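Undergrad: Sending over a structure as C-alpha coordinates; questions will come in a sec.
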(Lines of atoms letter the chains of each structure in order from A and count residues from 1; the text may use other names and numbers.)
(Lines give C-alpha, C1' and ligand atoms only; values in the text may rest on other atoms or scores of the structure.)
Protein backbone atom coordinates (compact mmCIF):
# COMPACT_ATOMS: atom_id res chain seq x y z
CA UNK A 1 0.00 0.00 0.00
CA UNK A 2 1.53 3.27 -1.09
CA UNK A 3 1.08 5.86 1.66
CA UNK A 4 2.05 8.71 -0.68
CA UNK A 5 -1.09 8.09 -2.74
CA UNK A 6 -3.30 7.84 0.33
CA UNK A 7 -2.69 10.69 2.74
CA UNK A 8 -5.10 9.25 5.24
CA UNK A 9 -2.95 6.14 5.54
CA UNK A 10 0.31 7.93 6.22
CA UNK A 11 0.84 6.02 9.42
CA UNK A 12 0.74 2.59 7.78
CA UNK A 13 4.19 2.71 6.22
CA UNK A 14 5.66 1.04 9.27
CA UNK A 15 3.40 -2.01 8.89
CA UNK A 16 5.44 -3.40 6.03
CA UNK A 17 8.46 -4.37 8.08
CA UNK A 18 7.67 -4.93 11.72
CA UNK A 19 10.73 -5.66 13.83
CA UNK A 20 9.09 -7.03 16.95
CA UNK A 21 5.99 -9.00 17.72
CA UNK A 22 3.80 -9.44 20.79
CA UNK A 23 1.72 -12.45 21.75
CA UNK A 24 -1.94 -11.57 21.30
CA UNK A 25 -3.48 -13.54 24.18
CA UNK A 26 -0.79 -12.56 26.69
CA UNK A 27 -0.85 -8.93 25.59
CA UNK A 28 -4.64 -8.66 25.84
CA UNK A 29 -4.60 -10.33 29.26
CA UNK A 30 -1.91 -8.05 30.68
CA UNK A 31 -3.48 -4.96 29.12
CA UNK A 32 -6.80 -5.74 30.78
CA UNK A 33 -5.08 -6.48 34.12
CA UNK A 34 -3.02 -3.28 34.04
CA UNK A 35 -6.02 -1.18 33.06
CA UNK A 36 -8.22 -2.69 35.78
CA UNK A 37 -5.59 -2.34 38.51
CA UNK A 38 -4.85 1.22 37.42
CA UNK A 39 -8.50 2.26 37.42
CA UNK A 40 -9.18 0.69 40.83
CA UNK A 41 -6.01 2.12 42.37
CA UNK A 42 -6.62 5.63 41.10
CA UNK A 43 -10.30 5.50 42.10
CA UNK A 44 -9.33 4.52 45.64
CA UNK A 45 -6.71 7.27 45.77
CA UNK A 46 -9.26 9.85 44.55
CA UNK A 47 -11.68 8.82 47.29
CA UNK A 48 -8.93 9.16 49.93
CA UNK A 49 -7.82 12.57 48.64
CA UNK A 50 -11.35 13.92 48.39
CA UNK A 51 -12.10 12.76 51.92
CA UNK A 52 -8.90 14.38 53.17
CA UNK A 53 -9.74 17.61 51.35
CA UNK A 54 -13.14 17.74 53.05
CA UNK A 55 -11.62 17.11 56.47
CA UNK A 56 -8.67 19.50 56.25
CA UNK A 57 -9.36 23.15 55.61
CA UNK A 58 -5.80 24.34 56.17
CA UNK A 59 -4.69 26.43 53.22
CA UNK A 60 -1.24 24.87 53.22
CA UNK A 61 -2.64 21.39 52.74
CA UNK A 62 -5.74 22.18 50.69
CA UNK A 63 -3.68 23.40 47.72
CA UNK A 64 -1.52 20.28 47.82
CA UNK A 65 -4.57 18.03 47.95
CA UNK A 66 -6.10 19.78 44.94
CA UNK A 67 -2.95 19.26 42.88
CA UNK A 68 -2.65 15.66 44.04
CA UNK A 69 -6.27 15.04 43.08
CA UNK A 70 -5.60 16.48 39.64
CA UNK A 71 -2.64 14.16 39.22
CA UNK A 72 -4.60 11.06 40.22
CA UNK A 73 -7.58 12.01 38.04
CA UNK A 74 -5.23 12.42 35.07
CA UNK A 75 -3.73 8.99 35.74
CA UNK A 76 -7.23 7.52 35.99
CA UNK A 77 -8.31 8.85 32.60
CA UNK A 78 -4.98 7.84 31.13
CA UNK A 79 -5.60 4.24 32.14
CA UNK A 80 -9.20 4.37 31.01
CA UNK A 81 -8.64 5.88 27.54
CA UNK A 82 -5.22 4.53 26.57
CA UNK A 83 -5.98 1.15 28.11
CA UNK A 84 -9.26 0.81 26.24
CA UNK A 85 -7.61 1.67 22.90
CA UNK A 86 -4.73 -0.73 23.56
CA UNK A 87 -7.10 -3.58 24.42
CA UNK A 88 -9.11 -2.88 21.26
CA UNK A 89 -5.94 -2.93 19.13
CA UNK A 90 -4.78 -6.23 20.63
CA UNK A 91 -8.24 -7.77 20.36
CA UNK A 92 -8.41 -6.73 16.68
CA UNK A 93 -5.14 -8.56 16.01
CA UNK A 94 -3.41 -5.20 15.38
CA UNK A 95 -5.02 -4.96 11.95
CA UNK A 96 -4.77 -1.18 11.65
CA UNK A 97 -5.56 -1.21 7.94
CA UNK A 98 -9.00 -2.64 8.68
CA UNK A 99 -10.18 -0.36 11.50
CA UNK A 100 -8.10 2.78 10.94
CA UNK A 101 -8.67 3.69 7.31
CA UNK A 102 -8.68 7.46 7.93
CA UNK A 103 -5.91 7.33 10.60
CA UNK A 104 -8.25 8.92 13.14
CA UNK A 105 -7.76 6.26 15.82
CA UNK A 106 -3.98 6.47 15.54
CA UNK A 107 -4.11 10.26 15.87
CA UNK A 108 -6.34 10.04 18.95
CA UNK A 109 -4.09 7.37 20.44
CA UNK A 110 -0.97 9.46 19.81
CA UNK A 111 -2.52 12.60 21.28
CA UNK A 112 -3.57 10.69 24.41
CA UNK A 113 -0.13 9.09 24.76
CA UNK A 114 1.57 12.48 24.70
CA UNK A 115 -0.97 14.26 26.91
CA UNK A 116 -1.28 11.57 29.59
CA UNK A 117 2.49 11.18 29.53
CA UNK A 118 3.46 14.81 30.01
CA UNK A 119 0.57 16.02 32.20
CA UNK A 120 1.41 13.86 35.28
CA UNK A 121 5.07 14.88 35.01
CA UNK A 122 4.08 18.56 34.85
CA UNK A 123 1.71 18.18 37.81
CA UNK A 124 4.40 16.43 39.85
CA UNK A 125 6.77 19.35 39.29
CA UNK A 126 4.03 21.90 40.11
CA UNK A 127 3.31 20.04 43.36
CA UNK A 128 7.01 20.14 44.25
CA UNK A 129 7.15 23.89 43.54
CA UNK A 130 3.99 24.48 45.60
CA UNK A 131 5.42 22.61 48.60
CA UNK A 132 8.73 24.43 48.28
CA UNK A 133 6.94 27.78 48.40
CA UNK A 134 4.74 26.60 51.28
CA UNK A 135 7.77 25.68 53.40
CA UNK A 136 10.20 28.45 52.47
CA UNK A 137 7.69 31.31 51.98
CA UNK A 138 4.68 30.48 54.20
CA UNK A 139 3.25 34.02 54.24
CA UNK A 140 3.35 34.33 50.46
CA UNK A 141 1.86 30.84 50.17
CA UNK A 142 -1.03 31.58 52.53
CA UNK A 143 -1.98 34.74 50.64
CA UNK A 144 -1.34 33.72 47.02
CA UNK A 145 -1.83 29.93 46.89
CA UNK A 146 -5.60 29.93 47.27
CA UNK A 147 -7.90 27.28 45.85
CA UNK A 148 -8.77 29.61 42.97
CA UNK A 149 -5.11 30.05 42.03
CA UNK A 150 -4.44 26.32 42.29
CA UNK A 151 -7.34 25.54 39.97
CA UNK A 152 -5.99 28.09 37.51
CA UNK A 153 -2.60 26.39 37.62
CA UNK A 154 -4.21 23.01 37.00
CA UNK A 155 -6.05 24.40 34.00
CA UNK A 156 -2.91 26.00 32.58
CA UNK A 157 -0.89 22.80 32.97
CA UNK A 158 -3.57 20.74 31.22
CA UNK A 159 -3.92 23.28 28.39
CA UNK A 160 -0.15 23.34 27.87
CA UNK A 161 -0.03 19.53 27.71
CA UNK A 162 -2.95 19.57 25.24
CA UNK A 163 -1.09 22.08 23.07
CA UNK A 164 2.03 19.91 22.97
CA UNK A 165 -0.09 16.86 22.08
CA UNK A 166 -1.94 18.71 19.29
CA UNK A 167 1.16 20.34 17.85
CA UNK A 168 1.80 17.66 15.17
CA UNK A 169 -1.86 17.73 14.12
CA UNK A 170 -1.77 21.51 13.83
CA UNK A 171 1.33 21.17 11.67
CA UNK A 172 -0.35 18.49 9.52
CA UNK A 173 1.99 15.77 10.79
CA UNK A 174 0.20 12.50 11.43
CA UNK A 175 1.06 10.34 14.41
CA UNK A 176 2.77 7.13 13.35
CA UNK A 177 1.93 3.50 14.13
CA UNK A 178 4.99 2.10 15.86
CA UNK A 179 6.90 -1.00 14.81
CA UNK A 180 5.15 -3.23 17.36
CA UNK A 181 1.80 -2.15 15.84
CA UNK A 182 0.38 -1.74 19.35
CA UNK A 183 0.58 2.01 19.91
CA UNK A 184 0.97 5.37 18.14
CA UNK A 185 3.46 8.11 18.78
CA UNK A 186 5.80 10.49 17.03
CA UNK A 187 7.85 9.06 14.18
CA UNK A 188 10.65 6.98 15.73
CA UNK A 189 12.02 5.09 12.70
CA UNK A 190 13.85 6.59 9.73
CA UNK A 191 13.67 10.03 11.31
CA UNK A 192 15.15 12.41 8.76
CA UNK A 193 13.05 15.56 8.93
CA UNK A 194 14.03 18.19 11.50
CA UNK A 195 10.41 18.57 12.58
CA UNK A 196 10.13 14.89 13.51
CA UNK A 197 13.31 15.24 15.57
CA UNK A 198 11.94 18.39 17.17
CA UNK A 199 8.81 16.62 18.46
CA UNK A 200 10.84 13.80 19.99
CA UNK A 201 13.29 16.19 21.62
CA UNK A 202 10.50 18.47 22.82
CA UNK A 203 8.68 15.59 24.52
CA UNK A 204 11.81 14.19 26.15
CA UNK A 205 13.23 17.57 27.20
CA UNK A 206 9.95 18.71 28.78
CA UNK A 207 9.65 15.42 30.67
CA UNK A 208 13.26 15.50 31.90
CA UNK A 209 12.91 19.18 32.85
CA UNK A 210 9.84 18.39 34.94
CA UNK A 211 11.76 15.65 36.76
CA UNK A 212 14.70 18.00 37.34
CA UNK A 213 12.43 20.72 38.78
CA UNK A 214 10.80 18.16 41.07
CA UNK A 215 14.18 16.96 42.31
CA UNK A 216 15.48 20.48 42.96
CA UNK A 217 12.36 21.73 44.76
CA UNK A 218 12.01 18.58 46.86
CA UNK A 219 15.65 18.85 47.88
CA UNK A 220 15.17 22.47 49.00
CA UNK A 221 11.98 21.57 50.86
CA UNK A 222 13.55 18.60 52.61
CA UNK A 223 16.62 20.56 53.72
CA UNK A 224 14.44 23.40 55.01
CA UNK A 225 12.25 21.06 57.04
CA UNK A 226 15.28 19.31 58.54
CA UNK A 227 16.75 22.64 59.59
CA UNK A 228 13.49 23.68 61.25
CA UNK A 229 13.29 20.34 63.04
CA UNK A 230 16.83 20.65 64.38
CA UNK A 231 16.42 24.25 65.51
CA UNK A 232 13.04 24.05 67.22
CA UNK A 233 11.32 21.50 69.39
CA UNK A 234 7.86 22.76 68.42
CA UNK A 235 6.28 20.58 65.77
CA UNK A 236 2.75 21.92 65.70
CA UNK A 237 1.66 22.54 62.14
CA UNK A 238 4.79 20.83 60.74
CA UNK A 239 3.72 17.19 60.69
CA UNK A 240 1.60 17.64 57.56
CA UNK A 241 4.67 19.13 55.84
CA UNK A 242 6.63 15.95 56.52
CA UNK A 243 3.78 13.80 55.26
CA UNK A 244 3.57 15.74 52.01
CA UNK A 245 7.33 15.81 51.41
CA UNK A 246 7.47 12.03 51.90
CA UNK A 247 4.72 11.64 49.31
CA UNK A 248 6.47 14.02 46.91
CA UNK A 249 9.78 12.17 47.25
CA UNK A 250 8.00 8.89 46.54
CA UNK A 251 6.26 10.37 43.47
CA UNK A 252 9.57 11.76 42.22
CA UNK A 253 11.36 8.43 42.66
CA UNK A 254 8.57 6.53 40.93
CA UNK A 255 8.49 9.02 38.04
CA UNK A 256 12.27 8.96 37.59
CA UNK A 257 12.46 5.17 37.59
CA UNK A 258 9.45 4.67 35.32
CA UNK A 259 9.88 7.53 32.86
CA UNK A 260 13.64 8.00 32.50
CA UNK A 261 14.22 5.02 30.14
CA UNK A 262 11.50 6.14 27.74
CA UNK A 263 12.47 9.82 27.82
CA UNK A 264 16.15 9.04 27.28
CA UNK A 265 15.29 6.67 24.42
CA UNK A 266 13.21 9.33 22.67
CA UNK A 267 16.00 11.87 23.15
CA UNK A 268 18.60 9.54 21.66
CA UNK A 269 16.41 8.87 18.64
CA UNK A 270 15.76 12.58 18.18
CA UNK A 271 19.43 13.53 18.42
CA UNK A 272 20.80 10.89 16.06
CA UNK A 273 18.38 8.21 14.91
CA UNK A 274 20.86 6.56 12.53
CA UNK A 275 23.29 5.78 15.37
CA UNK A 276 20.68 5.08 18.01
CA UNK A 277 20.75 1.56 19.42
CA UNK A 278 17.11 1.70 20.53
CA UNK A 279 15.31 -1.34 19.13
CA UNK A 280 11.59 -1.98 19.00
CA UNK A 281 11.79 -4.29 22.00
CA UNK A 282 13.74 -1.69 24.00
CA UNK A 283 11.24 1.07 23.27
CA UNK A 284 8.28 -1.20 24.04
CA UNK A 285 9.85 -2.22 27.36
CA UNK A 286 10.51 1.44 28.23
CA UNK A 287 6.91 2.30 27.36
CA UNK A 288 5.57 -0.43 29.64
CA UNK A 289 7.77 0.88 32.44
CA UNK A 290 6.28 4.33 31.89
CA UNK A 291 2.75 2.95 32.19
CA UNK A 292 3.66 1.59 35.63
CA UNK A 293 3.98 5.20 36.79
CA UNK A 294 0.21 5.65 36.52
CA UNK A 295 -0.32 2.49 38.57
CA UNK A 296 2.18 3.31 41.33
CA UNK A 297 1.28 7.02 41.74
CA UNK A 298 -2.03 6.43 43.54
CA UNK A 299 -0.44 3.94 45.94
CA UNK A 300 1.79 6.73 47.19
CA UNK A 301 -1.31 8.45 48.60
CA UNK A 302 -2.89 5.18 49.70
CA UNK A 303 0.13 3.87 51.64
CA UNK A 304 2.09 6.99 52.60
CA UNK A 305 -0.64 8.61 54.66
CA UNK A 306 -0.05 9.94 58.13
CA UNK A 307 -2.13 7.23 59.79
CA UNK A 308 -0.28 4.47 57.95
CA UNK A 309 3.11 6.03 58.64
CA UNK A 310 2.24 6.37 62.30
CA UNK A 311 1.38 2.65 62.56
CA UNK A 312 4.56 1.71 60.69
CA UNK A 313 6.53 3.86 63.12
CA UNK A 314 4.99 2.04 66.09
CA UNK A 315 5.58 -1.38 64.54
CA UNK A 316 9.19 -0.56 63.70
CA UNK A 317 9.85 0.80 67.16
CA UNK A 318 8.31 -2.31 68.71
CA UNK A 319 10.29 -4.68 66.48
CA UNK A 320 13.58 -2.90 67.14
CA UNK A 321 12.98 -3.00 70.87
CA UNK A 322 14.40 0.49 71.35
CA UNK A 323 12.66 2.90 73.71
CA UNK A 324 12.57 6.21 71.88
CA UNK A 325 11.07 9.41 73.26
CA UNK A 326 7.62 9.91 71.82
CA UNK A 327 7.90 12.83 69.39
CA UNK A 328 4.15 13.57 69.15
CA UNK A 329 4.69 14.18 65.42
CA UNK A 330 2.08 11.76 64.28
CA UNK A 331 -0.22 12.50 67.23
CA UNK A 332 -1.18 15.70 65.44
CA UNK A 333 -2.88 13.73 62.68
CA UNK A 334 -6.29 13.76 64.36
CA UNK A 335 -8.89 16.16 63.06
CA UNK A 336 -9.28 17.89 66.40
CA UNK A 337 -5.62 18.71 66.86
CA UNK A 338 -5.17 19.67 63.19
CA UNK A 339 -8.01 22.17 63.37
CA UNK A 340 -6.71 23.45 66.69
CA UNK A 341 -3.27 24.04 65.22
CA UNK A 342 -4.75 25.83 62.22
CA UNK A 343 -6.82 28.08 64.49
CA UNK A 344 -3.79 28.89 66.65
CA UNK A 345 -1.59 29.70 63.66
CA UNK A 346 -4.18 32.02 62.10
CA UNK A 347 -5.32 33.83 65.26
CA UNK A 348 -3.32 36.84 66.62
CA UNK A 349 -2.27 35.25 69.92
CA UNK A 350 0.95 35.81 71.73
CA UNK A 351 3.90 33.50 71.43
CA UNK A 352 3.57 32.72 75.12
CA UNK A 353 0.18 31.10 74.59
CA UNK A 354 1.51 29.10 71.64
CA UNK A 355 4.37 27.76 73.76
CA UNK A 356 1.94 26.70 76.50
CA UNK A 357 -0.21 24.69 74.04
CA UNK A 358 1.94 21.53 73.91
CA UNK A 359 2.22 21.58 77.73
CA UNK A 360 -1.54 21.58 78.13
CA UNK A 361 -2.02 18.85 75.57
CA UNK A 362 0.67 16.77 77.29
CA UNK A 363 -0.99 17.20 80.60
CA UNK A 364 -4.21 15.83 79.23
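From the backbone N, Cα and C atoms, a Cβ is placed for every residue, glycine too.
Copying in the features that TrEMBL gives for the protein in this structure:
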- 41-301: domain 'G-protein coupled receptors family 1 profile' (DOMAIN)
- 26-50: transmembrane segment (TRANSMEM)
- 62-90: transmembrane segment (TRANSMEM)
- 102-129: transmembrane segment (TRANSMEM)
- 150-170: transmembrane segment (TRANSMEM)
- 198-226: transmembrane segment (TRANSMEM)
- 246-271: transmembrane segment (TRANSMEM)
Undergrad: Looking only at residues six or more beyond either end of the transmembrane segment (246-271), which have a C-beta under 8 A from one in the stretch?
TA: 68, 71, 117, 120-121, 124, 127-128, 131, 186, 188, 191, 197-201, 203-205, 207-208, 211, 214-215, 218, 221-222, 277-278, 282-283, 285-287, 289-293, 296-297, 300-301, 304, 309
Undergrad: Which whole number is the mean pLDDT over the domain 'G-protein coupled receptors family 1 profile' (41-301)?
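TA: Result for the domain 'G-protein coupled receptors family 1 profile' (41-301): average pLDDT 86.
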